[in-house]
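Asks: My structure is below; once you've seen it, I'll send some questions.
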């Protein structure tokens, strides 16, 4: 079967470039082409010659002048022999195309709906793979860093939401002219399309803006210094803008749907009151976190100190939450969770924001080096002036003799300066170097640091003071073998020790009252007291120890102990001597000795009581060991023997008074006859 076709061409199309100059070679073409002034017709058996015999490409040219579409005619008829194998396929395709064309003729919105759906499908599943393949082919890259690349972020954050938004708008535009049979369905259709338009618009632009804010915040955090205090402010601003974008998007979406946001805000006011009453702590923490992010008293990785409800908190800020508590990593690496509102009502010290660290200390020099203190202070000032890490201009640098400590009379030197660093470890190193230099200055001048003082005093009786030469006194350089006493400072003696000493001091006073009632006991006790004081001094000179018991206790023993037989024997031997003297002279001497011994006994007794109290107090504060401990019977015997050797007049005077009282009746009896 042969198909015959005709080709009609308009003369104005200009098949030849130049009709006046034609080569004879084109005679065959002229024989096949019949050109006339009217529409040209070409009758060619295509089965025999084909299109290769017609060379139109070299001769077709655009018209010089514009030709209306009505005058342009192009008709092509062709015929060819076809096989029987492809006839069923051609018929099937023809039927499908015919039916689809008829369906599209019945529903015109399908022309617009198909491209919109294709755009949505391409945006969801075709855009990202297409961009990845184009990146790999054009830029010669692999898929390893695809999700971290800028192309991926641009496609997913900006291009894809916009394409989805356009696809949703095209779908709504295609479905808008659809006519539904009922009025209710029309209203539902309109509201549904309006909802899709509003939702797609709000979501697309809100997502793009929020992605832009997040990318900007991420870029700033990567390029800025992590220790910069402005990071926290930018983070707060980014979070605030991010929240504001979505709040505005929700409000706009409600307005587009036809809801009044003013009514919702009014209802939200009542809800805010209820939320405030129910979750006051949560809302307070949120507002406090907003204040912390806005005012920035501290940021992440800063060292702060505060006191919350009596608990000292010191550590590094690890997390500042919006609703959750702030986490501080303590010095012992423990996590401390503190509600945000606690920081708004308590004092917070930010140690990281220090511009300088201060060195402030005192050095106490001994009072024995008072003549060197001027040179020491001057050299210490030179040490601080020569140190390059010490601030010399803006802040003070002080080295002064500030005070004399009254407890030990130490000379206190104030050292105060500032180190030019904000790092604590560097400050500690500079402080160590400065203190070592100051101690070298003290040792260079051969001065001594002050220590606690103990006062050592020598004990004397009245007779010892009169008989001791000035060279052996406390002002001389000669060491004296006399009893010593250690006295601690007053602040080391507590009230309990004082009460005990007062109770012990009350016993000798009671015994003194008993002595006052018995005049003979006074007379006998006075020489014994002197002897006991001398006996108490004798062991100290041998052992150079402080005899605490031998100073205070012999007073009681000498009064209460009766005279021994040896004393009576000595007094008996002296009776004849007393008889030889006159009665008047004996009585006057006895009165003088009684008055002198009683006054001496009172003074020595009072001194011994005071010394005993002091020694008891020092014994409780100082670990004084006694090398010689004698039993009470042996001490009594030693006291009596010491009294005999010292030649005391106490027992002799008492014996003389007894002899005088016996001799007076005898003399009276002898004179009466």
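Each residue, glycine too, has its Cβ placed from N, Cα and C.
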Asks: If you check Swiss-Prot, which stretch out of 47-67, 68-88, 131-151, 152-172 is marked transmembrane segment?
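Replies: Among 47-67, 68-88, 131-151, 152-172, the range Swiss-Prot annotates as transmembrane segment is 152-172.
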Asks: In Swiss-Prot, which of the ranges 4-24, 25-45, 193-213 has the transmembrane segment annotation?
Replies: 193-213
Asks: So which range, 240-260, 303-323, gets flagged transmembrane segment in Swiss-Prot?
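Replies: It is 240-260 that Swiss-Prot annotates as transmembrane segment.
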Asks: Which range is it, out of 264-284, 327-347, that shows up in Swiss-Prot as transmembrane segment?
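Replies: In Swiss-Prot, the transmembrane segment feature sits at 264-284.
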Asks: Under an 8 Å Cβ to Cβ limit, what residues of the same chain, 6 or more beyond the ends of the transmembrane segment (152-172), are close to it?
Replies: 112-113, 115-117, 119-120, 122-124, 127-128, 131-132, 146, 193, 196-197, 200-201, 203-204, 207-208, 211-212, 215
